[in-house]
Amino acid sequence: MLRRLRSWSRRRFKRHGNGEGQKGSKDQDQPCPASLPESTSIQKISAVISTSAPQLPATPPTGSADIETSAGTDNTTVHLPAAPATNPTNTETSASADDTTTSLPVRFWEDAYNELKQEEAKLVDAYEKILSRQLQNGSNSMVLESQPNIIAQNNSDRRRQMTQLINAGLAKTEREAKVKESCGEVVDVVLSVKNIISAAIQAAPQAALAWTGICTALEMLANPIKETEANRKGIDYVVKRMDWYWNSSKSLLKPTNISELDGMRGELKIQIVGLYKAFLSYQIKSVCAYYRNRGLAFLRDIVKLDDWNAYLAAIQDAEKRFDTDAKTYIIRKGTSYLEQLVSYIRHQKIQQMSEKDQQCLQHLRLTDPRDDKVRIERTKGGLLQDSYCWVLNNADFQQWRDDPQHRLLWIKGDPGKGKTMLLCGIVDELYSVINELDQGDTANAHHCNVAYFFCQATDSRINNATAVLRGLIYLLIDQQPSILSHVRSEYDRAGEGLFKDANTWDALSRIFTNILRDPSLRTTYLVIDALDECVTTDLPQLLDFIAQQSSSGSRVKWIVSSRNWPQIEEGLEKAADKVKVSLELNAESVAVAVNAFILHKMDDLAGLKKYDPRTKETVQDYLCSNAQDTFLWVALVYQALTDLEVEEWHIEEILHTFPPGLDALYARMKQDISLSRDSDICKDILAITAIVHRPISLDELATLVKLPNIIRNNPKFLEAIIGRCGSFLTLRERTIYFVHQSAKDFLLGNASDKAGNQASQETFKWIFPSGKEDVNYTIFSRSLDAMSTTLQRDIYGLRAPGFSSDRVQVPNPDPLATVRYSCVYWVDHLRDSVSGTNIKRHDRLQDNEVVYKFLNTKYLYWLEALSLLQAMPAGVVAIRKLEGLLTLEGHSRYITSVAFSPDGQRLASGSDDKTIKIWDPASGSCLQTLEGHSDYVTSVAFSPDGQRLASGSDDKTIKIWDPASGSCLQTIITIASPQQSRLKEAETMYQRALEGYEKALGPDYTSTLDTVHNLGLLYQTQGRLMEAEAMYQRALEGKEKALGPDHTSTLNTVNNLGNLYKTQGRLKVSLSTALFGSWL
């Protein structure tokens, strides 16, 4: 072994040497310098390994060294280079050197040596004095305490000199080692028969005593023998391993262009420098041991002051840790390279497309569902396998998966049950299975397609049926480019308008049908999440499409998810052989998944908050007991506990402030906001974010909400005030989102269950005390003010008319940042603010009012801004809507009430001319005139699905109309008539209408108040005067707020209340009410 080590050393010196050194004289045993520490603990080696290394500059390589040894003797001639002068212009690795593969091992060695010199100064100083003796006086000189350290701080020479000294020391002690090895064999033989001899001489006490002494001496003699053997084996291992790491680090830690690996690479650098320090420490200790007085060395080995096996074990443990981390790094680097390769192949695939193909694909892309999936998983805290794996073993899921006849799987459940993450997990599993198939059959790779889409109600890009089809088609083309031909056949005729005009749904559904019928289409899985978050007007056609397509074609399977909505169940009922997975019916499996989620979150929370085991267990038990199988509830409580700064001993008390159930938790969050110091600001922010048409940025929020200047002008304060809005809202890249659609539903009075409905209705009244129309008007008004102040000619400083929008560079800061939302949606909010019977705000549309002044002075600047925002199509639609609002002429008398259909495509108006007209607000044309009332029409309202229109009149009747045909479907008589027997039916209809209006429109909406007023009339007719009075009072208070005290509808209620008082004999009150109306 020693011969091999020396041979290796010669080769290494020959490889690294660059000159001839001076021959030294014969070595003599010298005492160890007094500064050499007596022992170094094993813990220090572990500390060396884990310590980070500073980045120090290298020094130039100079000098050379050779070793000549005479085998079997103690004579060694060492030729060491003289101390060279440092030449900063000729460096192996300069201070400014880049982190390249050639310099990495050098830098690691240098960093390790210099750091070790700082940490174990006495040890390194003793080693350097031994080396100085060789350099200055030759091997026969003594190492004195005052021996100066004349070694030049040249790292290249230091490495060579250390290897020299090690090999010289090995050669110097070789004969001693052989003697010890021979003695060891004798000692081993004697000790092997120790028990036999001890048993034989037990009868002779004197002999036994002498034998005991001999055995003790032999055992003590065995220690130096074993320590010498351990050191020589250890130094051989350390030198070889250091050489291995020297060579492997060049490729292992080679710089990459993958930024996400920088952190792992940095950690590996720290670890490898730590290993180098441990190797150097072992070698330096060995050098000191070789040049120590042999008698002193023998005594040290007897008591094992240098435990070489322990030192080596510590090094090997550190190597195991490094190897584990290095394997992880290599795997991650390989994965990253594969991802880059896939991206490159995809890019090459796109490059191979024609320019027209690429243009078509760009216009088709509205969003990339893959990016949406990544975002969703990130914002929800990552995809946890235990939260979805249960469904893979579910019998219904397996039936859908394995049976070709079952092609539609509907996963349904209440809000917060984890449907979205469940589908994310299923998508991953589908990809995993497909990858296994591809690897097993490379000749026929890509067996299947997987396309998916995540609907999100708060994002107008991905909350409609056409967006769903565009996203699915986009992913299918990415996986099977040949099907692009189906899109091109339509795109070549229509251009970009194919994806933007009023016929987009019909065109896309036709394209998608052709794709699904294409014989070349591979087996395909289509996944659509959150059907309930698709806009109401689009949902029926999307459900019809899914039901129809899933019933034909055996190569396509569908998975959809939604809440437990009857409308969705009815729409999917047409699908043949569908399979349902109800989360409520699988409560046990969902509970297990939620508990796994809780355990995962608790590990994070306990680590973040430094909880002791008891506190962790307390929080964990409370979450498991109250989660009610709802992931969202757990996530909200986790977030609240994360944000709380509270002493650990108060945690149990705090926990009980989080009630079980999602709506109950929302109610508690609302209560906390209402009691906070910033209650009014938070209420305004929640109101605005609940009714805007897309998520808004912090800059846009500052425009739409009245905020104190100190908050408006400070981004940090803006972010903080969003944090004060409970956990209803969250910030992502300075854009405000609802934490979940159910949170928005709760604020709008549409709680997910009956138990939470009352709290939800109260929250709606708190946020919208004057109805949503009032908030819409606020948004419209503030938008118009902001645009009037901000918009100007050539706002981006382009200077050249006709500048291509593709070349526009957004300035920093962006002058349009605060009005981006306002430019696109101000007309929508104006329209929504004049819905219902709130005719007063129609005044804003008159000449010389704010809209007229804005268009007269800023119209061209507004169009310029829309162009810069790539929103010109939306601007065209806005102009048509505005034109419809301004030019609806046809009634012969006052208009008393207007109402937009839920999809905004139709407008109904009621008038004192006793008619109802239905308009197209885009064109301004009258579609229908509904006649039948014999007196003023006081109110009109569409049903939530837009299929029915109700009208109320002073002729004491309510009529239900079919707005499409104009036919009257039903007339409800509200007071005494020959049909008195139907009063009970009338009351039932009123009550049903009232509940529907309250849920759909809110308790203070004018249509709701008209129904309340009509109920008062009915109760008065029936003689239920106290109930009638209560209804009139409620209607009067609401109308005064919504319409004003002088509006005809308000005065009608005053008049009826006066008649009621007259009937009751309260003539004085009746007269006062009739004379002074709402002043009372």
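Numbering starts at 1 and runs along the chain as displayed.
Including glycine, each Cβ sits where the backbone N, Cα and C put it.
Here is what TrEMBL says about this protein:
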type	residues	note
COMPBIAS	1-16	compositional bias 'Basic residues'
COMPBIAS	37-54	compositional bias 'Polar residues'
COMPBIAS	81-99	compositional bias 'Low complexity'
DOMAIN	407-563	domain 'NACHT'
REPEAT	888-929	repeat 'WD'
REPEAT	930-971	repeat 'WD'
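Residues 535-537, 828, 831-832, 834-837, 839, 842, 877, 880-881, 935-942, 944-946, 949, 951, 953, 961, 963, 966, 1006-1007, 1048-1049 of the same chain sit 6 or more residues outside the repeat 'WD' (888-929) yet have a Cβ under 8 Å from a Cβ within it. According to DSSP, the repeat 'WD' (930-971) comprises 0 helix, 22 strand, 20 coil. Confidence annotation: the repeat 'WD' (930-971) carries a mean pLDDT of 87 in the model. Per-class residue totals from DSSP over the repeat 'WD' (888-929), listed helix then strand then coil: 0 helix, 20 strand, 22 coil.
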